[in-house]
Amino acid sequence: MRRIKLPFLKRKSRNTDQINNIVKSDNLPKHVAIIMDGNGRWANQRGLPRFAGHKEGMDNVKKIVKVANKHHVKVLTLYAFSTENWKRPKPEIDYLMKLPIEFLNTYLPELIEENVRVQTIGEFDVLPAHTKKAVQSAKDRTKDNNGLILNIALNYGSRFEIVQGIKEMVHDFDQKGESIDNLTEEMFSEYLYTKKLGDPDLLIRTSGEIRLSNFLLWQSAYTEFWFTDSFWPDFNEYLFEKALIDYQNRKRRYGGI
Ligand code: IPE
Ligand code: IPE
Ligand code: MG
């Protein structure tokens with residue numbers, strides 16, 4: 001029999017979903033990565049300039065950090081600026097580079113209270129001085145916290161990371177006079193920004209785009225992916241918990257049976 005989709009039926013099932021939105025305490029992802037996409041389109045839909053979407057997106061970060069912490073996520077990696085985002089118009093780049101400063105000015109006390117540790121991945125040295133200063137200070141001030149690691153991917157590009165890692169590794173092997181034939185996957189992973197963070201268990205992308213956009217290519221070999229049409233500023237605790245529940249219902253096989 002053909003199923004006819006009626007709007008009121010759709011709404012009913014969504015409400016049921018909401019009632020059942022209960023995250024179990026076992027089998028939670030330790031490392032969640034998010035491609036926070038759709039700020040521009042969120043603003044565009046409202047007739048606002050793109051930067052208004054970025055501002056709204058920034059405020060959303062705190063909400064998601066809180067819910068991730070609530071569910072004992074150990075590492076939350078957020079894609080904030082890619083190595084390809086330098087292609088954007090200068091005023092937008094300038095605004096995006098000010099956002100971490102504003103975010104930390106506004107929320108650092110709360111993050112400290114929640115025992116969050118701020119870290120970054122990406123090429124840090126080439127960031128504007130004011131961005132570096134604010135982020136470095138947040139890293140220093142939270143370095144002894146042992147709660148959730150808020151890992152911001154800032155000027156991050158997976159291919160750059162891999163090539164950089166290869167260069168350093170070849171140099172080290174040369175220095176030690178070690179044969180490259182002895183190289184293992186585990187050894188190479190030590191040359192990536194994520195060496196101490198491990199691979200993401202769950203990767204979320206907002207805004208309806210179904211691609212990685214140069215994010216954690218090596219690390220996501222066996223990551224569970226979760227996509228939503230919601231733009232990042234509309235992504236909320238409910239959707240985050242929905243992603244966790246879906247993750248809990250998946251069977252990770254890693255090639256086994
Ligand atoms: C994500 O939103 C934020 C960054 C990439 C910095 P976008 O700015 O990519 O928003 P869309 O994809 O154009 O809607
Ligand atoms: C990915 O989003 C980068 C960030 C969210 C920081 P983009 O908006 O840059 O990705 P594309 O261009 O749509 O692939
Ligand atoms: Mg985008």
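We number each residue from 1, going along the chain as drawn.
Cβ coordinates come from backbone N, Cα and C, glycine included.
Among the features that TrEMBL reports, active site is placed at D37. Sequence-distant neighbours of D37 (active site): residues of the same chain at least 6 apart with a C-beta under 8 Å from its C-beta are R205, T206, S207, E209, S213, F231, W232.
Look at TrEMBL and you will find N85 tagged as active site, proton acceptor. Counting only same-chain residues six or more apart in sequence, the Cβ atoms lying under 8 angstroms from the Cβ of N85 (active site, proton acceptor) belong to I93, L96.
The Mg(2+) binding site annotation in TrEMBL covers D37, E224.
What TrEMBL records for 38-42, R50, H54, 82-84, W86, R88, R205, 211-213 is substrate binding site. Within 10 Å of the Cβ of G40 (substrate binding site) there are 21 other Cβ atoms, across all protein chains.
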_Given T83, W86, R205, L212, E224 as the binding-site residues, which ones have a Cβ positioned under 6 Å from some atom of ligand 1?_
none
*May I ask for the distance between G40 (substrate binding site) and E224 (Mg(2+) binding site), taken between their Cα atoms and rounded to an integer number of Å?*
26
*Select, from D37, H54, W86, R205, each of the recorded positions with a Cβ positioned under 6 A from at least one atom of ligand 2; if none does, say none.*
D37
_Just to verify a number: CA distance, E224 (Mg(2+) binding site) to T83 (substrate binding site), in angstrom, no decimals._
24
